[in-house]
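These notes concern the structure reproduced below.
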Amino acid sequence: MRILADASMPLVEKLASLCQAAGYAVEFDTFQGRQPNAAQLAVAEVLLIRSITRVDQTLLDQAPQLRWLGTATIGTEHVDTDAVQARGICFHSTPGVNAQAVGDYVASAIAALTEHLGHLPSRSGRKMAAIVGAGHTGRAAGSRLRAFGYHVSYYDPPIAAAFTEHPVPVHADWQRVVDADVISIHVPLIADGLYPTVGLFDETTLLSLADDTILINASRGPVVSEAGLRAAKAREQQLRVILDVWEHEPIIAADLLPYLTFATPHIAGHSVAGKVGGTLQLFQLFTQWAGWTVAFPDLAQLLGAMADLPKPPVIHAERAPSAVELASWVLSIYDIRADDERLRQAPATASEFDALRRHYPARAELSTLQLQPAAWQLEGNWPQRLRLLKGS
Ligand SMILES: NC(=O)C1=CN([C@@H]2O[C@H](COP(=O)(O)OP(=O)(O)OC[C@H]3O[C@@H](n4cnc5c(N)ncnc54)[C@H](O)[C@@H]3O)[C@@H](O)[C@H]2O)C=CC1
Ligand SMILES: O=C(O)C(=O)[C@H](O)COP(=O)(O)O
């Protein structure tokens with residue numbers, strides 16, 4: 001089987017070699033950058049991609065042998081699924097695979113603001129947070145915000161309309177979203193239908209937000225209108241906007257940088273566990289489809305064998321933390337400010353954007369937080385808050 005994979009998928013070569021070691025005939029090749037070249041596509045039977053590779057009719061026409069396509073991402077809008085289906089190609093994404101990392105991103109943004117202000121940010125004093133999209137990443141973000149002490153509501157009209165059981169209560173009250181102190185966006189990119197998300201936060205909505213509202217977008221760029229943000233900037237509206245994703249990626253809205261509280265190059269999901277988990281899931285799905293029996297290590301074993309994974313320090317705290325102390329624990333594991341700094345210092349070009357992502361430093365997850373045992377951890381709501389912070 002000829003497997004072609006994005007070269008920046010961690011451990012992809014190792015997992016391909018495990019297939020070979022199990023006795024299966026695998027010819028393995030990788031591609032650099034956004035699109036594979038025509039010679040590679042001409043022979044590929046299996047294609048493993050990330051969010052930057054566009055799979056459309058043009059690519060499919062170049063890949064006549066393609067039978068299995070996998071993207072190590074949650075989002076799938078870069079794949080023309082109708083065209084893929086029409087060709088009879090089996091397609092898989094990796095739902096939820098980097099959701100914990102996205103939750104950590106939101107936690108780090110709040111932690112950095114808490115440290116800056118000296119208290120948990122809440123313009124209304126009511127500590128209201130609205131998650132937009134109650135799926136994997138939205139719930140992971142909601143869990144961290146609850147750990148910080150926010151009252152979290154989940155806006156998700158598609159789920160609300162379906163009246164099905166869901167892991168968290170959902171609502172369809174938009175006013176509750178725009179009134180919140182923190183709004184964190186976690187929807188797929190949807191252009192049409194009953195619940196489109198493109199332009200969900202358009203100029204009118206953005207201009208209606210109260211000063212000091214925190215708006216975090218770690219979903220897809222076109223969900224928040226950059227023109228709308230420009231209008232808010234022109235009016236000197238005091239929003240605290242955190243953007244991980246951009247309307248015209250890989251081009252960022254460089255003119256907005258001075259207005260943004262934190263700006264990052266689409267790395268919210270880029271923990272090592274999130275990325276390795278994506279590679280592993282794709283190999284598991286592909287080998288299952290192929291009818292192969294390969295004993296892959298589990299995610300913990302794969303991570304344990306990685307030498308460059310940061311080891312978070314053990315935190316000693318004899319009493320329950322203040323919001324600022326809790327924030328410092330989060331920042332000791334993942335500090336969004338370092339990502340923000342790297343983006344601001346790099347030239348605002350497409351190639352630099354891609355390079356920042358390709359050379360992203362190894363990042364641990366909040367689930368690795370280690371506390372020296374102390375009595376307070378068993379008192380009040382701390383057992384729950386600590387679990388929520390770690391996303392468990
Ligand atoms: N910045 C990054 O690094 C990452 C970004 N993402 C993006 O985040 C998106 C969401 O990921 P998950 O939470 O894992 O997806 P999911 O599929 O688990 O959940 C998405 C939720 O959004 C809801 N939704 C759909 N349309 C909506 C609307 N108009 N208003 C409110 N809610 C709506 C759905 O009902 C669903 O519950 C992905 O599709 C991807 O585009 C995902 C991972 C990493
Ligand atoms: O999973 C998704 O959806 C994402 O946006 C990814 O975290 C983006 O990662 P890459 O595949 O572009 O590295």
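Just so you know, glycine gets a Cβ as well, placed from its N, Cα and C.
Around the Cβ of R220 (active site), a 10 Å sphere holds 23 further Cβ atoms from the protein chains shown. What TrEMBL lists as active site is R220 (among others).
As annotated by TrEMBL, active site applies to E249 (among others). Cβ environment of E249 (active site): G221, H266, F353 lie under 8 Å away, each six or more residues apart in the same chain.
Following the DSSP three-state reduction, the secondary structure of H266 (active site, proton donor) is coil. The feature active site, proton donor is assigned by TrEMBL to H266.
Same-chain residues at least 6 positions away in sequence with a Cβ under 8 Å from that of S51 (substrate binding site) are, in sequence order, T71, T73, G75, H78, H266. A coil conformation is recorded for S51 (substrate binding site) in the three-state DSSP classification, outside any helix or strand. Per TrEMBL, substrate binding site is recorded for S51, T73.
The annotation NAD(+) binding site is assigned in TrEMBL to D156, A218, S219, R220, D244, G269. Less than 8 angstroms from the CB of D156 (NAD(+) binding site) sit V132, G133, A134, G135, G138, H166, V170, H171, A172, each of them six or more residues away in the same chain. D156 (NAD(+) binding site) falls within neither a helix nor a strand when secondary structure is assigned with DSSP, and so counts as coil.
What TrEMBL lists as domain 'D-isomer specific 2-hydroxyacid dehydrogenase NAD-binding' is 126-268.
The domain 'Erythronate-4-phosphate dehydrogenase dimerisation' feature in TrEMBL is assigned to 318-374.
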Among S51, T73, S219, G269, the binding-site residues whose C-beta sits under 6 Å from ligand 2: S51, T73, G269
Helix-strand-coil residue split for the domain 'Erythronate-4-phosphate dehydrogenase dimerisation' (318-374), DSSP-based: 33 helix, 2 strand, 22 coil
Residue, out of the binding-site residues T73, S219, whose Cβ gathers the largest set of other Cβ atoms within 10 Å: S219
